[in-house]
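Listed in TrEMBL for this protein:
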type	residues	note
TRANSMEM	31-56	transmembrane segment
DOMAIN	88-299	domain 'ABC transmembrane type-1'
TRANSMEM	94-116	transmembrane segment
TRANSMEM	122-145	transmembrane segment
TRANSMEM	217-237	transmembrane segment
TRANSMEM	249-269	transmembrane segment
TRANSMEM	281-303	transmembrane segment
Amino acid sequence: MPQGICIDSFQLSAGSQSVNTRIGSQYENPILAAPMIVFLLLLLGFPSLLNIIYSFSAVGFSNIRTPEFQGLQNYQAVFNDPMFWQATRFSLKFATLTALAECGLGLFLAIFLSPLLRQRPWLLAILMMPMMVAPAMMGLMYRLVLHEFVGPLPHYLFKWFGDSPAFLSASNVFTTVFVIETLQWTPFVLLLCYMAYNAINPEIKEAATVDGARPHQLLWYIELPLILPTVAVAFFIRFIDGFRIFDNIFVLTGAGAGGSTTSLSIYIYQTFFRAGDIGKALAASVVLFVVSFLVLFIAIRVLRRGKR
């Protein structure tokens, strides 16, 4: 057989094998992902579908097995409720302020402590300890520390200065919850920013230094732009988490100090368990999910546009 024919037949067989490999991998990936997809559908899909159906129904604890379809009345009741809008304003304000504070403080600490953390990596594990504590446990701990009558902090403030603020009163509880949330979750942002800061190519810094860039110029024009996508991801994650806060507020104030710290999650809890209006509570939960999904969608679009 001529040598050219052998080479052509070999190339043809190799090409067909590569095509078969691509086709096989094309169908192999969905097949491998199928068990996880089925698991997620069973775990999240059915409860979510049931919640959506109940959100369009007149349902309470007395008729939970026989709900009556009533269209958009639950959503109208939610949007006409002044407490819903108060809870929405609180959640937006709280989520925005905590996300900004955590990102600013976490970014500053990541850059400032980076040389120390490189020399002593075990310090990073210590800094991560607050976010390893359950939020409910964190709230309970601070409730004992800040209690007006038995808390050690008010006791010593009154002993040393003759007065102590009521940290858990309606006028001060927002600041208290804000500080606690910031202290607990700043380490999360610190970890992300520290990893991103250390991932910067040292050759870029060296080239800028050789060109005469000073430390503040190196930070402002090179390091911060490279870390900014990570900071944006951290901001959106913390915004969504702060927007649906429940644990700390519930433990510290018992579901909102006079309504001044009623978040959307607290509002849903009160509507569901205290008022017994399951349909209205589920309608509010659908609204909360839609808002969180929109924030996540916007975050993905912004990050993709930033990469371009």
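Backbone N, Cα and C define each Cβ position, glycine as well.
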Ranking 94-116, 122-145, 281-303 by Cβ pairs under 8 Å to the transmembrane segment (217-237) puts first 94-116
Note: vs the transmembrane segment (281-303), the recorded stretch with the largest number of Cβ pairs under 8 Å from 31-56, 94-116, 122-145 is 31-56
With the cut-off at Cβ under 8 Å and a gap of six or more residues from its ends, the chain residues touching the transmembrane segment (122-145) are 109, 113, 116, 151-153, 168, 176, 180, 183-188, 190-191, 194, 247-252
